[in-house]
Amino acid sequence: MPSRKFADGEVVMGRWPGSVLYYEVQVTSYDDVAHLYTVKYKDGTELALKESDIRSQSSFKHRKSQSSSSSPSRRSSSRSRSRSRSPGRPAKGRRRSASQSREHKDDKKKTIQETSLALVVLILLKPSENNTKRYNGEPESTEKNDTSCIILEQKLKPDLEIKRVLEQYSLRSRKDDKKTEEIFSERKTFVAVKPIEKVPSKTKELEFGGRIGTFMMIFLLPATVFYLLLMCKQDDPSLLNVPPLPALESLWEWRVFGVFLLWFFLQAVFYLLPIGKVVEGLPLSNGRRLQYRINGFYAFILTAAALGVLLYFQFELRYLYDHFMQFAVSAAAFSLALSIYLYVRSLKAPEEELAPGGNSGYFIYDFFTGHELNPRIGSFDLKYFCELRPGLIGWVVINLAMLLAEMKIHNLTMPSLSMILVNSFQLLYVVDALWNEEAILTTMDITHDGFGFMLAFGDLVWVPFVYSLQAFYLVGHPTTITWPVAAAITVLNCVGYYIFRSANSQKNNFRRNPADPKLANLKFIPTATGKGLLVTGWWGFVRHPNYLGDIIMALAWSLPCGFNHILPYFYVIYFICLLVHREARDEHHCKQKYGLAWERYCQRVPYRIFPYIY
């Protein structure tokens, strides 16, 4: 194994991929397998470079001093004194052979081509470094590393003078010069448009407690779901009243599993329908963009129509309530089988298609977090489909089944006010998610996390069976609330929804078109990636205002269940823990992505989710 040349923390000069420019960088780590150095530029950008693309500062400065050893004026004057001589006659005291003279000229022209090429690349790269700065008038020097630009300018001045003299006294025909110019032009074009590809690397920082934590969560998550459902069935669902374990044979029924499969594949058929627009996702590590069909809202409408037909023919949705635990077990078994399939197929996936956060090399960890980023069967994207369709729409269907079960069990002519509030609030949330389906393409679930047990179980089991906990609780534990209380809870939910939707819309509109005149009042911090970090509006209030709106809505969903038991408040407690953990993950990834710009943003916006608290 070759020994590494540069140590971690060492400041060196790194070549920018696709150009001849060298910037001052700091070595952060070294991959022994790929033999690549991970370096960090001054603006926070991190790239993986080969050892041949890295040079020590001393050697770089030495070359710089050589190129500027004599001033351009002195060299120009020396050449002007020799103009009276014949071009074929060498200067006095510097006689050399014809071959040496040609080699000298070739070296000079090679240097000129390299410096000219560097200038072309510099001009092409410069507008894209901090493109967003022109929108709010911030100086470009705030995020730009100018070290190599100054060195380049010092090198270009004498070299351009050499080019002028060589062109004047060149012995080659103009036809040859023109041919060389065409070749050089093609070379510049090729280098300028060459894409910069990120080299995939192993996941070094393990989340969720690493291998031990993920192993325990594979068992803990299903156990939590089953425990909550058993608690809701009890007359006294207090924490100290542990429910008895049911018989194992009562947890499984093939007919229930068949109904679940029918539901899953029905949603898959709706997903494949050629309705709705097709959009492109964010660029992958290899620069490719995947296409997604946006038709989740149409799938919801078709599902509602199918349910209407079933109810018209007097199909009993109470069947879902009576076999609720069996449906949860069926969904868990299916998600486990799907996770195994996803991991096995990921072993044959190309390296660039693996998830950044699920490529650790540890079986349990990669199985849980997801090894492959975007597993697809043809054009059918498994992760994107499961993210919104079977679980989220299934959540609404379960709520409706609970509403009908409440009316049937308690002989009500209309559902209780508490049940109406829970169904209405959560229906609004689901419809909003499906209507704004395109926004999910920029979330961490799609761009960073692989599709493994965590997302498969979360999408197919946790969302429909835990998020519907309030409606399930109200069937067995009816709660009466007054109209003024209902009005206050409705206002609270509307406030949360307004913060949630307006914050997300503000962010999405800014991402699509930062120059939109409607967003002229927004200020932001430019970054080296070309994106801006909003520091006014909702995103200047707290760093994650959408999370704040989410938590307020979660509280409003639990309040109609009263205060007799803490069980219906499990959702809001869990949701706070989830969003705080996700916020910490966001902070970590944003700091790596935006570098110094993110530190400036955190100084401008100190509160993460709760203003003046956290």
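Even glycines carry a Cβ here, placed using N, Cα and C.
Feature annotations, courtesy of TrEMBL:
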{"type": "COMPBIAS", "residues": "76-97", "note": "compositional bias 'Basic residues'"}
{"type": "DOMAIN", "residues": "4-62", "note": "domain 'Tudor'"}
{"type": "REGION", "residues": "53-111", "note": "region 'Disordered'"}
{"type": "TRANSMEM", "residues": "212-231", "note": "transmembrane segment"}
{"type": "TRANSMEM", "residues": "251-273", "note": "transmembrane segment"}
{"type": "TRANSMEM", "residues": "294-313", "note": "transmembrane segment"}
{"type": "TRANSMEM", "residues": "325-344", "note": "transmembrane segment"}
{"type": "TRANSMEM", "residues": "455-475", "note": "transmembrane segment"}
{"type": "TRANSMEM", "residues": "481-500", "note": "transmembrane segment"}
{"type": "TRANSMEM", "residues": "521-542", "note": "transmembrane segment"}
{"type": "TRANSMEM", "residues": "562-581", "note": "transmembrane segment"}
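As a quick check, the transmembrane segment (455-475) and the transmembrane segment (212-231) clear the bar of 3 or more Cβ pairs under 8 A, pairs 6 or more apart, so the two touch. Within its own chain, the transmembrane segment (562-581) is flanked in space by residues 228, 231-232, 237-239, 418, 466-467, 469-470, 473, 477, 479, 481, 544, 547, 550-551, 554-555, 609, 614, which lie at least six positions past its ends and keep a Cβ under 8 Å from the stretch. Residue counts for the domain 'Tudor' (4-62) under DSSP, split into helix (H, G, I), strand (E, B) and coil, are 9 helix, 27 strand, 23 coil. The largest share of C-beta pairs under 8 angstroms with the transmembrane segment (251-273) comes from 325-344, of the ranges 212-231, 325-344, 481-500, 521-542. When Cβ-Cβ distances below 8 Å are used as the criterion, the transmembrane segment (481-500) is approached by residues 417-418, 421, 425, 428-429, 432, 538, 545-546, 548-557, 559-560, 562 of the same chain, each at least six residues removed from its ends. Same-chain residues lying 6+ beyond the ends of the transmembrane segment (212-231) with a Cβ under 8 Å from its Cβ atoms: 237, 241, 243, 246, 324-325, 328-329, 332, 364-365, 367-369, 453-454, 457, 461-462, 465-466, 469, 472, 567, 570.
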